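The domain 'RNA polymerase beta subunit protrusion' feature in TrEMBL is assigned to B:34-406. The feature domain 'RNA polymerase Rpb2' is assigned by TrEMBL to B:197-373, B:452-516, B:553-613, B:635-687, B:1071-1161. According to TrEMBL, the domain 'DNA-directed RNA polymerase subunit 2 hybrid-binding' annotation covers B:694-1069. Marked as region 'Disordered' by TrEMBL: B:855-881.
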């Protein structure tokens, strides 16, 4: 008998991977004990023997990449990113969390603070308040720069609780924007000299066209900053500057950004009758449904695989699995929860731009 | 997780006679009792009763010369805590005392009657002195001293105050009290554990002899009587006798001359007689037959010390010793020795029982044989001693006054306010409590460390300190017995909470519901016993004493008589107790083995409340609990109505206690069907109360390996958090606070009962149990940087610096000077000063900054000539802290200290975020340091976008078996997803105080999680899913006080010790890092001689010496003549220069000073 390569066997599809390999290549299979095939096949020639090209070309990437926005609200966005590798999707996620700049309070000048919260802690709390300011309109404040209208936003907080009055809650809406810059005077070495403030604004920010109609302020008005007892008072000035989440989480523009791979639920065999009902009951998020096949016969179908949270109830403690849970490796359900300063859709394009810049830099360095 | 078919479900499903949820009793119990009631009760008893007893026992101060001259106390009482400032008596508050370094104390007042004038004057020279009887005068409210007052005791200003009133006094409502404030520090008198007094203990001593010993303790004397058997003969050992005395001699000396009588008293059993026979023979061989012979024999055996005490008078001494020392607890009325004889024979009988049957030995470690000495008793001892000293001092003054008044009528010398010196009691009490040294010569008591500073590291640490029991043995003894967990500890002492190391098992803690009794009147109990049919001892012959079917009745170690129906007698007493006719803490215990009924009303017994059950049916019904919930009934009502009673350890032996109502007496198979025959007498209130306060914080402790719970008990005391509502008003030397403390997501009932949910010490961290980066091996923790940015684990360390404005003996005082008004003209270290010359609050303070711009007078010794200005020198108080740390002055307190000097206290605050090496721990004895801090984007995330706060390595689990931690994770995860705090009280699953894992899993599944708590995670670095499901959820993490910032230390060069010129030791002195012996051994083994030379000499203490080659001694170098010189040879001819360690040179010189001549022989010169 002549030697025939296994790949030339009649049941091996030509120019296509056999089914089990295709699953390995494109899906993560979530077994009851552990997920398998989580890593992709990176090597372009991994399946060359079978005549399958595993390389990624720009054209195919451009052709296959698809983005579908599922949900878009003021602060959150859910969209499907299809036809992309996890490493790229992850790059966007990482950039969103750590590298898209925002404005946040960095320096706090305490004039008076008699509240129970110590100065440092109060400053830390102020830092974490999301500001409603577009960071693109500002420049970074580097170490030797003087704060000016292009790199600093100044807020003022002056609250006091009168003696005899009930306890007062200080909320973020009491942070007042000072478009003219700091009002506090520096202690100058020579008393005769003209007193200087802590910022040197050349003009008021509200006279600038970009802020004229849109006053700067905090995003959420009801964040509790402090509570004042009778007789206590806070007076301070908070200076917000531009920064990125890598340095401190307060500059992270997102509450969080993450993705999950598209769930795929496969019924390995037809499930009918009582078993079907059992299966439907097992799932807490209603992935399965029952379909009438006629004659009172009932059949389980996968109605809503996207809802699967991978609780693995359907494959738990079963000897012979009826269901297989999979994740598509190139389909990401991406979710961005913006902290408020920048709308989520803008955030994503910003992230893409940052990645682009980085790539440019690499190309530039290489050439 | 199917049901196990082997378990008989029908027995579980069987109808139970409506189990009543008795949990509401617990909060009610703690509401009336508080957590430290034992301390407060004991102190209250002393203040209200004990002090009066002491006064009555020593109420007369009589003049030696004239018995008609006397002073007599008629009453004694303690006032409310107050202090006289500027002649105004103003009430003290505990917090005020804490801040002003004063003692929270109240005046001790006495009413006295005393005599003035002479009865029979010696030499009436002038007419002013009247003859005739002295006039009797009365005086009320004479102050004899000040008594430190325990917080929340009956005399404290805080008792009965509600939360707002407490807040006005600056006090935390959750603070338990039970400690003292002495000189501004909070000190708690630890509970002292002791072997019970006045009880017969049968034991085997180190030589293998059977002994019966009684430690007698009465108000007058303390003694120890030991009977032991050696070579089949029984002897008495008493400190007053030099040698052991044959027991028969003692009996004869007490009037039992007939051997037959002795044998009869032991009982009819011939075995006892034969055991006693050798002793009888020995006595006969000594030819002692009569009482007189016996007494003279005893007198011959007296120690020289005891005989010399009374001027060598030996006659009658033996009789006195038998009367006063031998079995001192048995009273001898009118010289009737019979009770002592009976007591001795009972001791003999018990000894013989033990010889015949070894399991009748007493166990010294048995909790029922122990007594806990509380602050009240300890202070009472101290007060008694001081009161007596004061009285004897007063008597001296009275005598002196009497002698001196022959010339003038110094009536004021007889005034009680003159005779009674206040300082003695005030200073004595204050000194003892503030140092913890109880030195009482009168009672031969020298104890150290009785009181300790209350640990305020965390709220739990302070609570745990109040329940601590300090051991009776010294810690160095290598014995296992007292350290082992005693079965009788159940419910009384916490099985988990004990330190590790040398004090392991010796230092114990009280369980949640334990109460320690105080003394109760014996008199009424004695007469009650007699009227309940106890046959008086005096009416019984020796034969009748041990007649079968009759039990001896023993009250507090005193034999009252015998009773023919012990169970009926015990039942009657118990019934009376439940009716409230006798004290609720009186215990009745029928000991069948010893054929005795023990009635106890003495103080220091541990006991706990239990629900009374009749044949297994609880007396507490649903309507009782409903009334309790409605507030119309409190815990005391339950007690008074006989639904609940206190049982002590001994009485627990007569009870059969079920954990839950409806539990079946498993020992008796017949009872299983017939509930009416159940022998169950009591039901536990809640099983988790066997644990103490510290162990009560652990969720699911019954799923953990036992030592882990013990470790957590130690660590919970180091956790940072809130220490009290008044934490920001306090001025502790060191205080650690968490910035954002949380209450645990998985709570226990104990947590809610003690108030840990209001003063938490930790944060709920989302933990992923996985391996990450290798920086998590050996229990290290990987932390999320963004979590730290957002405030996780942030803490505040507050330190106190104080500075006193001194007033010197010549009247000169320090002055604080206003700094230069122009800030620019000031020195850089003076920048933070305010206009008053004191650093301002809110300023950032750096190392060497001046806190107080103070000047001290140059002349402090002799009087300053008036008119000339005083010379001052700067004496600034500067801040010493680590370089580069930004600390802030939080508060500045000005107060006058007890000496009237101005005291300035600075509270300096430093806020820290967690850093590499800071120590964290969960509540399951799993501590670990922060191994690395990782950016959030590198952290793994779940399908829901959740990113853990920290990552813990799974290798922490298998060897430690802390299953409780896993359940905590599951429970917390279910808790956050369904929005309900879950519970994990110990042993709480059957009663619903702990959520079952099954239910938790069901909740998790309902919210779309895996039942096992394992999530599908994506790697934050690659973006691909992880190849395993990760066990992830919230766990309550504590930040422990050990922080890198306080410990890190390195030095290149720095200070040296003057004596040896070697580098100093320790971080605080910027010391060097020692290359120790073992390290040296390594270098020797390696052969790196130059490194050794460099480390041990060049880098340490090199020194150049001049050595004389001739005499080998050290010379010196004369810098003027530029020659070296040997002072021994008186020339400089043979001098060589060499280097050696300075310590070596020092050694030579020290040897020379001791007349040893070390001579150096140089091979190369």
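Backbone N, Cα and C atoms are what each Cβ position is placed from, and that goes for glycine too.
No curator has checked TrEMBL annotations; they are predicted automatically.
The DSSP breakdown of the domain 'RNA polymerase Rpb2' (B:1071-1161) into helical (H, G, I), extended (E, B) and coil residues amounts to 32 helix, 23 strand, 36 coil. Between the domain 'DNA-directed RNA polymerase subunit 2 hybrid-binding' (B:694-1069) and the listed ranges B:34-406, B:452-516, B:553-613, the one holding the most Cβ pairs under 8 Å is B:452-516.
For the domain 'RNA polymerase Rpb2' (B:553-613), the DSSP counts in helix, strand and coil order read 13 helix, 27 strand, 21 coil. Mean pLDDT across the domain 'RNA polymerase Rpb2' (B:197-373) comes to 80 in this model. The DSSP breakdown of the domain 'RNA polymerase Rpb2' (B:452-516), given as helix, strand and coil counts, is 17 helix, 11 strand, 37 coil.
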